[in-house]
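Structure first, then comments.
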Amino acid sequence: MDLSQIWTDESEYRRVALKVSAWTIFCLGVLFSGFNWYMGLPLLSLMELAMAGFCLLLLYRLPTTSRLKEWSLCFLSLLFFIVLLGIWQARLSSILYSWLFIFPLLSYLLLGKRWGVGFNAVFIFGGMSLLLLRLVMLESELHFSLFINVGLCLSTLWIMSHVFESKRAEMVERLQLMAALDPLTSVYNRLHLEPVFNLLQQQITGRLALLLVDVDHFKQINDNLGHDAGDRVLQQLARLLQEFVPSPEHVFRVGGEEFCLLLPVADMAEAQRLAESVRAAAESLPLDLATAQGLSVSIGIALSPEPSSRLKPELRQVYRQADERLYQAKLNGRNRIEPPQS
């Protein structure tokens, strides 16, 4: 499962970056539109005014849109076209070509590494080609030196931006994994449960079973055998539970000795069969402990609503129902599964 699908921090980072960029370009667009009109460049002035209008539309749609990348692509493309128009129309002494320097950083900032590489290639090649054409038309050795220096600066900015974005993306991914994984068992923690639950609800066509699995008499294991033995029990149980789910990412440690499983099922009967298989497997788990004491678990079961019921499945409700059934399993003697009451 791709973490980027369930973690919103990255998209919010891009959203804020696009918002700041749009406000900045809006203000500059209005300012330069009036200036270039005064300087006798009406086409460039109108395009800058159009860019300012686009920024206002973008700022209006930005808080709610889910098409963040598409808006970023349009924003960068329109801005690039205006810079090219400025290079072509304005005098070289106006140094409008210096606006090319913002694109390496802005592309990676708004699009990320994968899209940033491609768009930087287009932006830099297109901008430098047009600049070279203007310089050739002016036929000056000084201008050729300018072309070389601009090209070297752009290439340096591109490389630096690429390295920075690559390292930033790696760091974000490591931090997300550290926040999502339980350090003892290496399964996901409770923080990760709700986004995965919501994502699975969108992907499956049937129902989703939530199983709460609790180790019986876990305190006795810790008291009699030590906490190291208790940790090994949890690690072995976590590995066992991963064998019963479509993906290891559907197992969560939600408490001290309590785990949660998310299982796509057709009905309650299938959920009960799977839960009973988990219980039996845990009971026969070969513990690497010098003890005759066996391991047992109690399991509470809950199902998400029928797809046809029009009820929006909420983790809070499903989890509470499974927790109530787990409590009932404990009251009824432990080492058992407890489905919802009919």
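Backbone N, Cα and C define each Cβ position, glycine as well.
TrEMBL does not curate its annotations; it predicts them automatically.
According to TrEMBL:
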- 206-342: domain 'GGDEF' (DOMAIN)
- 16-35: transmembrane segment (TRANSMEM)
- 41-59: transmembrane segment (TRANSMEM)
- 71-88: transmembrane segment (TRANSMEM)
- 94-111: transmembrane segment (TRANSMEM)
- 118-138: transmembrane segment (TRANSMEM)
- 144-164: transmembrane segment (TRANSMEM)
For the domain 'GGDEF' (206-342), residues assigned helix / strand / coil by DSSP:
65 helix, 29 strand, 43 coil
Is it true that the transmembrane segment (71-88) and the transmembrane segment (144-164) have 3 or more CB pairs under 8 Å, sequence gap of 6 or more?
no
Along the domain 'GGDEF' (206-342), what average pLDDT does this model show?
86
